[in-house]
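Structure first, commentary second.
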Amino acid sequence: MRVVLLGPPGAGKGTQAQKLAEKLGIPQISTGELFRKNIQDGTKLGIEAKRYLDAGDLVPSDLTNQLVDDRLDQPDTAAGFILDGYPRSVEQAKALHEMLRRRDTDIDAVLEFRVSQDELLQRLKGRGRADDTDEVILNRMKVYRDETAPLLEFYDTEVKTVDAIGTLDEVFARALQALGK
C-alpha cells in the first residue's frame, strides 16, 4: 500500500506514519527526518536544506524530489510506503506521480489529518524542537496554507479526512478505518 499523509505541522503525521508503517509492514518515508539526518551529518544537501528550514520555508522541490526518488529505489519500498511530509506542493505531487509511473505503480490512498489552528499552536510549542519558535511556527502554518493546501484539490477524490484530535490510539483507529484496514 502506497499512502500519502497530509496535514499542517503538528497534526501528528509523523507519529501516525510510524504506527501505520509498523501495522502495515511498510517503511515510513519522512522528508523531515531525512533532512534532519543530513543536517546532523553535515552533508551538502543538509547544509543547503538547513538554510530554508531555519527560516520556516520549504526546501526547494528539486532537492526534495531527488531525495524521495532515491529513497523509492530502495528494495524495502517495493510493497509500499507511508509518505510523511511529501508531497508538499502540486508540483511535488506531479513529480511523485511521475516517479511512481516509472515504477508502474500509483498512490493507493491520501489521508488528510485535520486539526484546528489553536490546537496546532499548542502542540507545536510543546514539542521542544529548536526550529519551533513562534515566528517559525506561524510562518510554517502560512506556508502550509499557501502551498500545501492545494494538494487537497489535486488529490480530490483520493483524499480521506481523519479527525486528528484525540488520543494517539483514537486517531490511529480513524486512520486505519480510512484506509479500510
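Including glycine, each Cβ sits where the backbone N, Cα and C put it.
Of the residues R51, R71, R127, R145, Swiss-Prot places R127 in the same ATP site as G10, A11, G12, K13, G14, T15, G166. AMP is bound by T31, R36, D57, L58, V59, G85, Y86, P87, R88, Q92, R140 in Swiss-Prot, and the record lists one more residue there from R102, R103, R129, which is R129. Tertiary neighbourhood of the region 'NMP' (30-59): same-chain residues 14, 17, 67-68, 71, 84-86, 88-89, 131, 135-137, 139-140, 143, 147, selected by CB-CB distance under 8 Å and a gap of 6+ residues from either end. Panel annotation: around the region 'LID' (126-132), residues 10, 53-54, 56 of the same chain, lying at least six beyond its termini, place a Cβ under 8 Å from a Cβ of the stretch. Most buried of the binding-site residues R88, R127, R129, judged by other Cβ atoms within 10 Å, is R88. Each residue in the region 'NMP' (30-59) gets a DSSP state, and the totals come to 22 helix, 1 strand, 7 coil. Cβ neighbours of Y86 (AMP binding site) (same chain, under 8 Å, six or more residues apart in sequence): V4, I29, T31, T64, V68, Q92, L96.
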